[in-house]
Amino acid sequence: MLTKFETKSNRVKGLTFHPKRPWILASLHSGVIQLWDYRMGTLIDRFDEHEGPVRGVHFHNSQPLFVSGGDDYKIKVWNHKTHRCLFTLLGHLDYIRTVQFHHENPWIVSASDDQTIRIWNWQSRTCISVLTGHNHYVMCASFHPKEDLVVSASLDQTVRVWDIASLKKKTVSPADDLMRFTQMNSDLFGGVDAIVKYVLEGHDRGVNWASFHPTLPLIVSGADDRQVKLWRMNETKAWEVDTLRGHMNNVSSVMFHAKQDIIVSNSEDKSIRVWDATKRTGIQTFRREHDRFWVLAVHPEINLLAAGHDNGMIVFKLERERPAFAVSGDSLFYAKDRFLRYYEYSTQKDAQVIPIRRPGTPSLNQSPRTLSYSPTENAVLICSDLDGGSYELYIIPKDSVGRSDVVQDAKRGTGGSAVFIARNRFAVLEKSTSQVLVKNLKNEVVKKSSLPIPTDAIFYAGTGNLLCRSEDKVVIFDLQQRLVLGELQTPFVRYVVWSNDMENVALLSKHTIIIASKKLVLQCTLHETIRVKSGAWDDNGVFIYTTLNHIKYCLPNGDSGIIRTLDVPIYITKVSGNTIFCLDRDGKNRAITINATEYIFKLALLRKRYDHVMSMIKNSQLCGQAMIAYLRQKGFPEVALHFVEDERVRFNLALESGNISVAVASATEINEKEQWYRLGVEALRQGNAGIVEFAYQQTKNFERLSFLYFITGKLDKLSKLMKIAEVKNNVMGQFHNALYLGDVKERVKILENAGHLPLAYITASVHGLTDTAERLATELGDNVPSLPEGKTPSLLMPPSPVMCGGDWPLLRVMKGIFEGGLESAARGGAVDEDEEDVGGDWGEGLDMVDVDGMENRDIEAILAEAEGAEEDNDEEGGWGELEGLDLPPELDTPKASANARSSVFVTPTQGMPVSHIWSQKSSLAAEQAAAGSFDTAMRLLNRQLGIKNFAPLKSMFIDLFSSSQSYLRAFSSSPVVPLAIERGWSESNSPNVRGPPALLYGFSQQEEKLKSGYKATTSGKDEKLTEALRLFLSILHTIPLVVVESRSEVDEVKKLVSIAKEYVLGLKMELKRRQKKDDPVRQQELAAYFTHCNLQLPHLRLALLNAMTVCYKAKNLATAYNFAKRLLETNPLESHARAARQIVQAAERNMTDTTELNYDFRNPFVICGSTYVPIYRGQKDVSCPYCTARFVPSQEGNICGVCDLAVIGADASGLICSPSQVR
């Protein structure tokens, strides 16, 4: 049993398959009807108008209808396209058990607990016949698939067959139906529409189900007596043929299989049983743990069944339909109908080779599963699931092709799977031990080998190699050397398909295709929603595969597409050119011709075979939105342009590929504001001022046009625009233009005319127009505004444009591969890929007689028109006629082509910013920070050193970033140009290779800080010790962002971290001791601990002198004696030595301590960096992953008290501060 689909729901009481689509309807005990797509595994719709359980449901075989009957005594007819109930049929007086459409007539048959069967006309929506005779609940009723018969089963222990031939002869007009209905009611269900033909008695209990055989005169029934009975009938009588016993509880449903001679039944004993209809014996039983079965459905066309149970339903097959086959060169060997057959691709000759009959087995799924062929020895291995997995080895006689009478005994053996691995050797898998037995053609074991993973199947992987499959991965194993050659994590692999050259392999699982190299290096993964069935490689290295309903392709980069749709599933055996050879489910060979243009075109693009691409563009019918979308997605909009006729799409593609000339032509055709605006934006990006101006004129965008003239220095055009604004009475536009022109008199005039006299007066006064200012002051009288005293005004004058006139200069660029190629192809020449010098600047490519003259003439004409016309304040003013530009007759619009014939030049693609290159190439935190990738730098520091507190590093990150960038000022109208500063740059460096960023912090700076720290420590004053602590902490904070070159320098850096850590810890303890004036015990302890830090000798002497003095003053003579002895060993200054000797003498007279300290100098210890207590040898501790300071276990998870950066006890990989550590 192969489960194809399973649902979880309320108890399923009714099931029906759609005859054409992959749909199944399930009616539930809860009153809901669910429509499922069993192929996709999705719920399409639900219908819930019934009240109470729905026990019967059935699809119409041609109309978009289904019928349902429920415990609410209603029969409802639904349209699944419109998702609604069309009408309800009323008449039954109790629960309705089953409903069914007739295959030809507009009839529905229904069975009910009211002991009747009714036949309805669903077109006239009336009951046309009531079949009475049963004297208990009628559990089911169904039409015969071909004849005018109905079979019904009842709890009165009988099965009845009814003849309804007379119903056909009657008229079925609605009026007649209505009359007949009233007449029938009056006759109390009388009438002679249908007569009982046979009553089948034999069951001892109520009968739950009865159904006809699709072609033979047989009936099968199942009853509460736990028996399945087979009945035969002829024209005059019907009789019991046999009884099938085996069910342990009531039989709920029983049916004949549509394609095979088998009977399928299910029962409340939680089992489905399969019986051989000819031998009348049980073949197989499928059980569920907890769910009783209630209903069965058989698909009318294909090998599918469905069963409903207490918690849902299952859709299943009884047997695999995939034929076992093996391809060898031009021939195919496959198993069909217990024969090994041979098919030759070139001649399409098909012949039987040898019989592979085996003794009849009483169970399903024993047909061959896989087939392996050795061409040199002409030997075939056939594997099946018989006896838990077995194989048969046949040697094909040379002359037996075409003769099927040669019967030979096969050499047999057990094993999970068996494949040829060499000319005369095959491997057999022992699943239980994960071992492979290598055997010769005499079936003798030659060698045993253990496999590297628990394996449940093996596949061929080249001579001497096996591909071993487990649940979640596959490995390639060399049997000779016993080496794993490759390994790959995969979903459960079902089939393995090698390319012709054995360089690539496709691994097929239920919904996934994985393409990998011969060493199992992943190339791409493809996911399908519908099951993948088969596949083969074509001659170009494209993988062609089938799903249940499509033939598809997969390119080496993972791009896929549909080649064609399938009506029925097929299994590809070979792809040759445009022909796919395949086997169908009946084991017949088929050759399907396909159109491979689409995937060959995409493959040529992928492999950069542009000559092929161009010939295909010219010669083939490649088109469609999908192809255009694909070309755009892959960055070839200029190629997509060649397929497109639609001007809007052409316009979008032209903008994407920077092809201004095509964009201008399309925008002119479309002539809409949005397109002109977008054209203006792209032309501005390319620096083509002529096209920008033309686009702004088309959209009458005066503000943008003013600004364009201003920044390009076309002041004469700007002054004309100002006059146009005056004519149109556009005061703001006029004022802006005057401001851009620096025309103060005009600005004063505009302000005066607008009534802003104070502003006009101030403008005139500031800019030195005294005559005008005096006149305005007279008009203002007492309201003259006062100017601020003692301040020099700055004049509001525009800056002079840096670049006047022309377009931006062009770079030398490669001619677009496709443009140039297509032209030369059209001229019959070869593809010219040489560099060409693009014209001086893009604007000259406008191909107009006199660009400036054209616009000037245009504006003057507008002015003349506007002045001559009445000033009606129309918004479209003097610019209304812009479309009719005064151009030479052969040109309608400017063309943005340079002086290189009519070819198109592609703009150079924007390069990657240097900061991105740094970020991609480096795994050093300092370089990531310099590139501005602060997140990445923080992640690296966290992973390498466990750093979590980044506050002390914030300013350093910003400094690193700032110091690796510089900025150059460009033109006034363009942004500044960022410049990356590289470490170790020299003029001899290649301009295309980027060095690492320059870094602010170096190792030598830290060494300088160390010297300053030592000096401040020696001083010993409080403020100097604080300064020393700051310097040592600064070293610890800077080192994660220092980069050195050699391994020896890395060791120096690590040594510096250790020194800085010791001094930070010691100085923190000493400063704390100096604050503890009121706690002499703690003072002595901290002074004692300080002497155990790893300090330079001068500083160790100072620490010992300090500890000796503190302890002597506190009368702890024994401890002071220890420090004095240690001090004397360091050769101190004479004054210090004298004091130490005196303390030694005093202590020797009285070797006692007045107070007990937490300090034992005999027992080695380290000091906790947070609590400043000793951690003696043998006690547990945790450490900082960066500075390696030690802490008591309770501090784990806190920020380190020494470096103030890392988390105590965190996992970290260690300091990486040099490229030499990464290589």
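Heads up, the Cβ atoms here are built off N, Cα and C, so glycines get one too.
Long-range Cβ contacts of the repeat 'WD' (5-46) within its own chain (Cβ-Cβ under 8 Å, at least 6 residues beyond either end) map to 52-59, 61-62, 66, 68, 70, 78, 80, 83, 98, 294-301, 304, 306-315, 529-531, 548-549. Positions annotated as repeat 'WD' by TrEMBL: 5-46 (among others).
Residues 13-19, 23, 25-33, 35, 94-101, 103, 108, 110-112, 120, 122, 125, 300 of the same chain lie 6+ residues outside the repeat 'WD' (47-88) yet bring a C-beta within less than 8 angstroms of a C-beta in it. Among the features that TrEMBL reports, repeat 'WD' is placed at 47-88 (among others).
Residue counts for the repeat 'WD' (89-130) under DSSP (helix as H, G, I; strand as E, B; rest coil) come to 0 helix, 25 strand, 17 coil. Annotation comment: TrEMBL describes 89-130 (among others) as repeat 'WD'.
Here the repeat 'WD' (131-172) has long-range neighbours at 94-95, 97-98, 100, 102-103, 105-107, 109-113, 115-119, 121, 123-124, 189, 192-201, 203-212, 214-215, 219, 221, 223-224, 231, 233, 238, meaning same-chain residues at least 6 beyond its ends whose C-beta is under 8 angstroms from one of its own. Residues or ranges marked as repeat 'WD' by TrEMBL: 131-172 (among others).
Under the heading repeat 'WD', TrEMBL lists 200-241 (among others). Beyond the repeat 'WD' (200-241), the same-chain residues lying 6 or more positions past its ends with a Cβ under 8 Å from any Cβ of the stretch are 136-137, 139-140, 142, 144-146, 149, 151-161, 247-256, 258, 263, 265, 267, 269, 273, 275, 277, 280.
On the 0 to 100 pLDDT scale, the model's mean across the repeat 'WD' (244-285) is 91. What TrEMBL records for 244-285 (among others) is repeat 'WD'.
Here TrEMBL flags 340-584 as domain 'COPA/B second beta-propeller'.
Residues annotated as domain 'COPA/B TPR' in TrEMBL: 610-767.
The domain 'Coatomer alpha subunit C-terminal' annotation in TrEMBL covers 815-1223.
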Notebook entry, point to check: Per DSSP, what is the residue tally for the repeat 'WD' (200-241) in helix, strand and coil?
Noted result: 0 helix, 25 strand, 17 coil
Checklist line | Remote residues contacting the repeat 'WD' (244-285) - C-beta distance under 8 A, at least 6 residues beyond either end | finding: 1, 205, 208-214, 218, 220-224, 226-230, 291-301, 303, 305, 307, 309, 318, 362-364
Next item on the list: With DSSP as the reference, give the number of residues of the repeat 'WD' (5-46) in helix, strand and coil.
Entry: 0 helix, 26 strand, 16 coil
Notebook entry, point to check: Per DSSP, what is the residue tally for the repeat 'WD' (244-285) in helix, strand and coil?
Noted result: 0 helix, 25 strand, 17 coil
Item checked: Residue counts (helix, strand, coil, in that order) that DSSP gives for the repeat 'WD' (131-172) -> 5 helix, 20 strand, 17 coil
